[in-house]
Every structure is written in C-alpha cells, then in structure tokens.
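One structure is given here, and the rest of the page talks about it.
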Amino acid sequence: MWWFQQGLSFLPVALVVWSAASFVFSYITAIVLHHVDPLVPYISDTGTIPPERCLFGIMLNVSTFLGMATMYIRYKQVSALSPEKPKILRLNKLGLTLGWMSCFGLCIIANFQKCILYYIHVLGACLTFGVGSIYMLVQTILSYLMQPELHSKDIFWARLAVFLWSCSSILSMFVSSVVLYSGLYGQNLVQKLHWDPQERGYIPHMISTISEWSLAFSFLSFFLTYIRDFQKISLRAVVSLQGPTLHESPGSFRAEEQALLIAGSI
C-alpha cells in the first residue's frame, strides 16, 4: 500500500495537488496567449481573461469543496481524540467555522474576477487569506495543546513555521499593495496586466506578486502537514434499511394503520 492510500491521506494530497494545478495551468494558458507577463504576475491576473478565466474558476470551485471536506475530517478527528476536553472542543468548532469561511472566500475569488468586480474579489481574498491564516493559527494551537500525547512536537513546529511564513507573506503583500495603489504610480493599476521593468511602481508590483504566490503556497504547505494525521483515519458508510422496499405499497399503508389501531386500543 502506497503512503497516499493509507486512511484518508489522499484528501489533503488531492487538495494541494489540484489547487497547485489550478494556479499552474491558468498561468501557462495566460502566458501562451500573451495575456500576462511571464515574470510572476498576480495569480488573479492569470484568471481574468477567457479561456484561462473559465479554467481558473472551475478548478478553484473544486478546490473549495476539497478544502471543506478536508477541514471537516480534521474537525471530526480532533473531536474524536479529545472528547472530554472543553477547551480543545471549543477551539475545534471555531477552527471549522473559520476554515469554511476561508473556503467561501476562495469560491468568491474563483467566480468574481479582479478586473470585473474588484471589491468583491478583494473581499474574497480577505476571507481566504485573512480568515484562513486565523484558521491556521487555531490548528497550530490545537497541535500544541494535543502534544505530546496525541501530536508530535515535529508537527507543531512545522505548522508554526508555515503559519509564520504565511503571516510574513501577508504583511509583505499588504504593505507593497498599499504603496502600489496609493496613487503615486498612476491610476487604474488594477486593470493593468502588462508591466515594463522601467516603469515607476514596478518594484512594489513585483514584491506584491511574489508575496501573493508565496502566500498561496504557504497555505498549500499547511495542508500537507495533515497527511500523516489523515493516514490514521478511515471512512465507511453504514446502510440502515427502514423497510423491505424503496416505495410505499398499499400493504404497507394497511400495516401502519393496523399498528396505529392496536396502539390506540391499548
């Protein structure tokens, strides 16, 4: 049995691989069609113009569902491992709420492009990366509280390192974006897809785009830390039949009525 066949470890693997592919495929398509510059464009710019916009939206919608499923399985795992620890259970519920809010933001990013509905797109980005970073913090705290009995120290330190990586990327992206869109380097830069290295504002633009790619891959790296945990989870469906058929026959109605009459006579 391969490592990704153990338990439910395929779920975070699928989330990471599919999400990375959505970025890479839309980037390659946008570059081939000369819609963006090859040197580190914004991720959102690679999903602005058809046909890469369609590919970007479809693939990120699938990533949304994979993310929700991964976060729910993680929630159920923590609940099962710590059923009598109220503090951990409260944090676990908070983490699931924040995680699903982050997934909803990703869905907004996928369906509302930056150059069309900028403010809604920014709202989605804030939910995805802002709320998502808080989700990472909650999961890191849970890993700390559950060590060493249920979690190894290595997992805690790995998640803490990835969380700090994402925070530094958010800070760098926020500062460079504020400088870039402050008006010092021109207007309507949101619609700008091609940049000349000699232009004013090119350096903060590059810092902002590199920070965005760094932030995206820090999130994907965080879900890679779930693989070892998910190897210890299995999922099965239990079927419970409520009757011998899948439709209601006249005989079943008579049996139910007779049962009610007997119950009433008693």
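Every residue, even glycine, has its Cβ placed from backbone N, Cα and C.
Pulled from TrEMBL:
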type	residues	note
DOMAIN	8-233	domain 'CWH43-like N-terminal'
TRANSMEM	12-35	transmembrane segment
TRANSMEM	55-73	transmembrane segment
TRANSMEM	94-112	transmembrane segment
TRANSMEM	118-145	transmembrane segment
TRANSMEM	157-182	transmembrane segment
TRANSMEM	202-227	transmembrane segment
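Taking residue pairs at least 6 apart in sequence, the transmembrane segment (202-227) and the transmembrane segment (12-35) share three or more C-beta contacts under 8 angstroms.
Summed and averaged per residue, pLDDT over the domain 'CWH43-like N-terminal' (8-233) gives 91.
Counting Cβ pairs closer than 8 Å to the transmembrane segment (55-73), the top stretch among 94-112, 118-145, 202-227 is 94-112.
Long-range contacts of the transmembrane segment (94-112) within the same chain, counting only residues at least 6 positions beyond its ends with a Cβ under 8 Å from a Cβ of the stretch, are 44, 47, 56-61, 63-64, 67-68, 71-72, 74-75, 78, 120-121, 123-129, 131-132, 134-135, 138-139, 142. Note on the transmembrane segment (118-145): residues 44, 71, 74, 78, 85, 87-88, 91-92, 94-95, 98-99, 101-102, 104-109, 112, 151, 155-156, 159-160, 162-163, 166-167, 170, 190, 215, 219, 222 of its chain, located 6 or more positions outside it, place their CB under 8 angstroms from a CB of the stretch.
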